[in-house]
Amino acid sequence: MGSSSFYRVLLLVGFCAPIFCMLSSNPYNQESSHLPSMKKNPASQVSPSNTRFSFLLYQRLAQENPGQNILFSPVSISTSLAMLSLGARSATKTQILRTLGFNFTWVSEPTIHMGFEYLVRSLNKCHQGRELRMGSVLFIRKELQLQATFLDRVKKLYGAKVFSEDFSNAATAQAQINSYVEKETKGKVVDVIQDLDSQTAMVLVNHIFFKANWTQPFSTANTNKSFPFLLSKGTTVHVPMMHQTESFAFGVDKELGCSILQMDYRGDAVAFFVLPGKGKMRQLEKSLSARRLRKWSRSLQKRWIKVFIPKFSISASYNLETILPKMGIRDAFNSNADFSGITKTHFLQVSKAAHKAVLDVSEEGTEAAAATTTKLIVRSRDTPSSIIAFKEPFLILLLDKNTESVLFLGKVENPRKM
């Protein structure tokens, strides 16, 4: 085939299957060893940019999907795009890395990829009480001649697996890729590809799977089977509502008029549930930033609190090829694309960037002893100092403490809508 051959790149970005508090036993036998502090490890070079990108992408998704559940994995999408940038050249590369929030004046390209290398290894490290697995895989057209440097770097830096695929038989290739993703997400994400064609040159898949236990699980006996949840459009649906009275980190952002609840998972992960005041969801969404998240993290105080959180399962799918160009990644999706770092024998451009996430939240989990050095006001368990009920639309953020990465970010508009 000559240099004028045109092939498509299919980017399946971050197919996510987070399952919160569902484990009844620990999948690992040993705690992970202590990781270096963020000031000393390479992930500190990429995590701040990843967080900024997280909120910018959320704001774009919320703007284009009003009144809908929002759910995605920022760290997975960032990792996919950073890996793709290894094969990009000229403006194509610059647009990808700048949209991810990197300023070449402050951080070099090798440092960026070294940071992602550490990030991927850290997130995949075994932790007692949680299972988090993130991986990348490239399905390559069998006759495509790839640059050896690109293959070496995606394997070394991002731990990517590489498979040769016969895309001339699109139906068979599609079935094999779908089967792979379904297996890696333990059946949570199915049929991710539905429109594969024979002009495909490469399919890049990034998948992430998460299971964890609450350190303070809910009792199923306390779940109200039918609790009213007020949707933003004014109608009401009835959902199972979990509740418990415990010591949690809690605070109120008076500037935004929202309440923030932090719930910890075993294995160095935390969840933030953010409840806006009446009519203030849009204001909250516009104000999301890395600085705001740091402010919340530092200001929360431990207190006895009665918590009501719906039990729910939601999912969301996005065609990011319509979103990312609006954020600055333009050339990758048009005839100006330069992926000559992947192959010099064919012209490549990204034809599709798909993302799907599935989220389950329930009561079940393994009980664990609470150990904290945070200052605690001693109160009777029967007289909680505060009550917070997530009976209206709210935001949820899941963070990995070791890398300070936003693993999942979403908005629950309707707990009953998958």
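Here the Cβ of each residue, glycine as well, is placed from N, Cα and C on the backbone.
Under the heading N-linked glycosylation site, Swiss-Prot lists N103 (among others), citing sequence analysis as support. Using a 10 Å radius centred on the Cβ of N103 (N-linked glycosylation site) and all shown protein chains, the other Cβ atoms total 9.
In the three-state DSSP reading, N213 (N-linked glycosylation site) counts as coil. Under the heading N-linked glycosylation site, Swiss-Prot lists N213 (among others).
If you look up Swiss-Prot, you'll see N224 (among others) marked as N-linked glycosylation site. Within 10 Å of the C-beta of N224 (N-linked glycosylation site) we count 15 further C-beta atoms, all protein chains included.
Taken from Swiss-Prot, the feature signal peptide applies to 1-25.
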What is the interatomic distance between the Cα atoms of N213 (N-linked glycosylation site) and N224 (N-linked glycosylation site), given in whole Å?
21
Between the Cα atoms of N224 (N-linked glycosylation site) and N103 (N-linked glycosylation site), find the distance and write it as a whole number of Å.
50
